[in-house]
Protein chains: 2
Amino acid sequence: MSDRSPLALPFPPAPAIPGATPHIARARYKAWDRCDLTFVMLDPGTTVAGVLTQSKCPSPEVEWCRAALTLGTARALVVNAGNSNAFTGNRGRAAVEAIAARTAAHLGCQPSDVFVASTGVIGVPLPIDKAEAGLDAAFAAAPCSWEDAAATIMTTDTFTKGATTTAVIGDRTVTLVGIVKGSGMIAPDMATMLGFIFTDAAVEPAFLQAALSAANAPSFSCITVDSDTSTSDTVLAFATGKAGNVALSDDDSVGADAFRAALADLCHQLAMLVVRDGEGATKLIEVRVTGADSDLSAHRIAKSIANSPLVKTAIAGEDANWGRVVMAVGKAGEPAERDKLAIRFGDTQVAEGGLAVTGYDEAPVTAHLKGKEIEVGVDLGLGEGRATVWTCDLTHGYISINADYRS
Amino acid sequence: MSDRSPLALPFPPAPAIPGATPHIARARYKAWDRCDLTFVMLDPGTTVAGVLTQSKCPSPEVEWCRAALTLGTARALVVNAGNSNAFTGNRGRAAVEAIAARTAAHLGCQPSDVFVASTGVIGVPLPIDKAEAGLDAAFAAAPCSWEDAAATIMTTDTFTKGATTTAVIGDRTVTLVGIVKGSGMIAPDMATMLGFIFTDAAVEPAFLQAALSAANAPSFSCITVDSDTSTSDTVLAFATGKAGNVALSDDDSVGADAFRAALADLCHQLAMLVVRDGEGATKLIEVRVTGADSDLSAHRIAKSIANSPLVKTAIAGEDANWGRVVMAVGKAGEPAERDKLAIRFGDTQVAEGGLAVTGYDEAPVTAHLKGKEIEVGVDLGLGEGRATVWTCDLTHGYISINADYRS
């Protein structure tokens, strides 16, 4: 495992969520002596929503969850770390079905109430015997903390990632806890590698899905580590209803806005943690595009900048190389007029009107680039479209992790 | 300057092209003592064609050439190295106009017969005084070799890049010589960084343009080093007519097929040299996609694979990590069915039908990946669409060159 990311944050104090009880166990999917199977037991009445990868080559877990989400109810989440089970044909599908069947038998529920996610190497069928033995151990294990669960879903992650928040719904305060993993193969296309959110709020599935999709768009869908979209990206939100609020069902429900805001805040926190643990990351980069032809156009331009190896290496080198930002705007294929373009690093405008700002003060730019949180601002000068995307720098660490690793 | 690329090839013996005479000089655009200005004098009657970057933020040189190409005639090419003059506003445009005016005055031609290209840092106006002094020195200099010219247009390139071929047109044999530079910011969108082709054939401008565009599509437009499309990509072809063949004017001209084939061969050779000198490259990678829904779809999938940092680092690490190829196919957004996908490294099929080939022989795969020329084959199993794209691996060398460099 690599050194802890210099951008790491401590795991926050995370309260229990009534009705959602995590357990962990050793399935030993790899030759390691760490917990690698997470089982979260969900009480009857739990609703679920999810966003899943748009990859055309999804894992069988993703296909399973997509089908199960249509029912809107959940009794368990099982997460395997060390093996993504993606691209494994019938044997991979059989492994997911076996996990769901064994868990359903244990809980006395339908297999479709069991949600399964796996992360790790692609192309190796998940061994059913190890999964079943691991499940049995998890069923027998004492409940664990959310931080233990966050540690158990990690692969090349260097720190445990979680967030928590609350919302007031009528006379009840509901709690939300989320855990997430990330690191590499991160350019979520509707979701991130693996993220799980638990709340004791009572929420109808359709409303939960709408709120999650809305929260996902400006968070997980706006981060990129390496432009590589995983086959297994999954974000699931589970609502146990134990808080006893009147169930949220539509926009007019009491507390609907507060819950949506809390979920959006949680997703943003979790997404930032994924970028902070980007493989080899030493700097968190916020790319803010304004003045574009449309919000979608702004998003594409921001992604073009955030995915540019030349921009990411320049920031790794603490080099105010705004010419590479110009290049990335130019290649995005979106409406842009060179002579209306303005670029800033931090609060310092470095280029505008199609050329460098004459004699801009380099000191604050240099100071900004030496920090750990970098902001690149681009104004297109065309319209009202805006978007923000987060990424990390591209360093020797990324090469070491990915070129020196053997599958 | 970095060490010479391990994929470097020697500069080929390049014959003189009657009517096209290169000269080089020191304009000292940077604090270096090397030639950095190339002036190729073209005799009256020379025709020209070109393909230029699709960037929305092109350099003034690109805009100048785009306008001048509409006339179809050329008397000179001037190339500046060390400063791309891109994103420099009116001062950049003035520099291009000054170069064209001074060269036109020297040759007694129209400024629009002078083609200008520049490469190097973005955002610094090309100093007109240095350009003019450099031009005067070049006008006075003795003719040089094509290899000298190829050396003079280099920036972070580690070796001189040129190619030559011939074609029989009626009773004449015509010669083609091309020089090119590349290295970083290479994902040409219709052209590469800078490439120049000279022939003594007589060719009408429209036919030359059609032949160049056709030759560009499967060569320069099918290479990528880092997915970053330059603001200055330019390929120009000049035909002096000195070979005395009946001028090629359309598909029915005697020798039309032979000339097109020779031009296509030359562009392919030059494009491969650019990849071989990709920043930090240690392996040349050919990504061949077949069985796609269409040729365009195949091209997009091939580009998705060739631009994936995870695929490129896996190959740098000589790791047969075909799961990352699956990922890159899945994220391309093109029609794909996981369970019809087949993948090979070299001649060894490693995955097919949605899972790994059971017990495939790893020895030839390992041997193939230890070589310098790697072939990744992907068959989608859907249709007849096919495409081939070339790239290089992603190594510590790329990070060192781009993160440790200060603009």
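Glycine is no exception: its Cβ is also placed from the backbone N, Cα and C atoms.
Curation does not apply to TrEMBL; its annotations are automatic.
Remember, it's a predicted structure, so these values are computed and weren't measured experimentally.
Copied over from TrEMBL, here are the features:
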- A:Thr192: active site, nucleophile (ACT_SITE)
- A:Thr155, A:Lys181, A:Thr192, A:Glu279, A:Asn402, A:Ser407: substrate binding site (BINDING)
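Remark: of the binding-site residues A:Thr155, A:Asn402, the most isolated position is A:Thr155 (fewest other Cβ atoms within 10 Å of its Cβ). Proximity to chain B, defined as a CB-CB distance below 8 A, holds for A:Asn402 out of the binding-site residues A:Thr155, A:Glu279, A:Asn402.
For A:Lys181 (substrate binding site), the count of additional Cβ atoms within 10 Å of its Cβ stands at 28 [all protein chains shown]. In the shown protein chains, 29 other C-beta atoms lie within 10 A of the C-beta of A:Glu279 (substrate binding site). According to its DSSP assignment, A:Asn402 (substrate binding site) is helical.
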